[in-house]
Amino acid sequence: MIDENTRMIALLGNPVAQSVSPAMQNAAFRALEQKYIYLAFQVPPAALGEAINVVRGLGFRGANITIPHKTTVIPLLDNTDPHAKRIGAVNTVLNENGKLTGYNTDAPGFLVALRRGGFEPKGEKAVVLGAGGAARAVVFALRDAGTTIAIINRSHESAVNLARETESSSFELSESGLRSAMAGSSLVVNTTSLGMSPNAGSTPLPVQFLRQGLFVFDTVYRPRQTRLLREAEAAGCKILGGLEMLVEQGALAFELWTGKTAPRDVMRQAAAEALS
């Protein structure tokens, strides 16, 4: 039962209607009998500051931050965890007595999911598609794991800036740029929204660049199997969708808010059911 002792967690993004995080997190709270409730709020960019003030002022225990706010939220917080500050993106906020601290659970969540999927990134070459908040987490995680990285983004300037920060290389989004980036690569990670419902017919990577033995990780989790993953599988690639990363980053956020070990199996099942 929800009462005055129930602790609230907010999801702040635009859009949020497609998110399965409320189903996943609320299932975890119920499983461990925690008096928490997770609520999604659609927050356009102009209203982000007001939304953060509500989280602080109404005593929310914390929040998840999603597209498009992962970088712009940082100056609105009281503190930023050093790891998140280095990445330059926050996806989780913890409220301790009115002081908001930002964390990044996307980066460790990505690495856990990647390794669980059977790919060890140390010494490999990866192509990262995108240069936004999710891409920043992925690129920093891969760099720390000893991976050589090529970044491709629709805005080449953003790719250049991220590459400069992370000692990576950047290429223009063109046939020649893709060919150069893909040469010798063993891993492709899509961090863009291309292929996400309701635009499931789009893909960030033309099929001619997919080849047998390539590992393709799409961070999009709705639909479960994107066009990119379908075409990659047909080309003989190993594939991994975004569900496992979603679960792991959510589990790490759950542990920050509650201090309890997250029930990952419960979260995975709830997320999968919400996607079915």
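A Cβ is built for glycine as well, from the same backbone N, Cα and C atoms used for every other residue.
Note that the coordinates shown come from a computational prediction; the quantities given were computed from them, not determined experimentally.
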* Among T101, T105, T219, T261, find me the residue TrEMBL lists at the same NADP(+) site as G130, A131, G132, G133, A134, G242. => T219
* Asked: Which of these, D78, D81, D106, does TrEMBL say binds shikimate at the same site as S19, V20, S21, T66, N91, Y221, Q249?
  -> D106
* Tell me which residues of the chain lie with their Cβ under 8 angstroms from that of G132 (NADP(+) binding site), as long as they are six or more apart in sequence? -> I67, P68, K70, T71, S158, T191, T192
* Please report how many Å separate the Cα atom of A134 (NADP(+) binding site) from that of T66 (shikimate binding site), as a whole number. => 9
* Non-local Cβ contacts of S19 (shikimate binding site) (under 8 Å, 6 or more apart, same chain)? -> L11, G13, A40, T66
* Asked: Greatest CA-CA distance (Å) over the residues G130, A131, G132, G133, A134, T219, G242 that the record ties to NADP(+)?
  -> 17
* To do: Could you break down the residues of the domain 'Shikimate dehydrogenase substrate binding N-terminal' (11-93) into DSSP helix, strand and coil, giving a count for each?
  => 33 helix, 18 strand, 32 coil
* Structure fact -> The rounded CA-CA distance in Å from G133 (NADP(+) binding site) to N91 (shikimate binding site) is 9
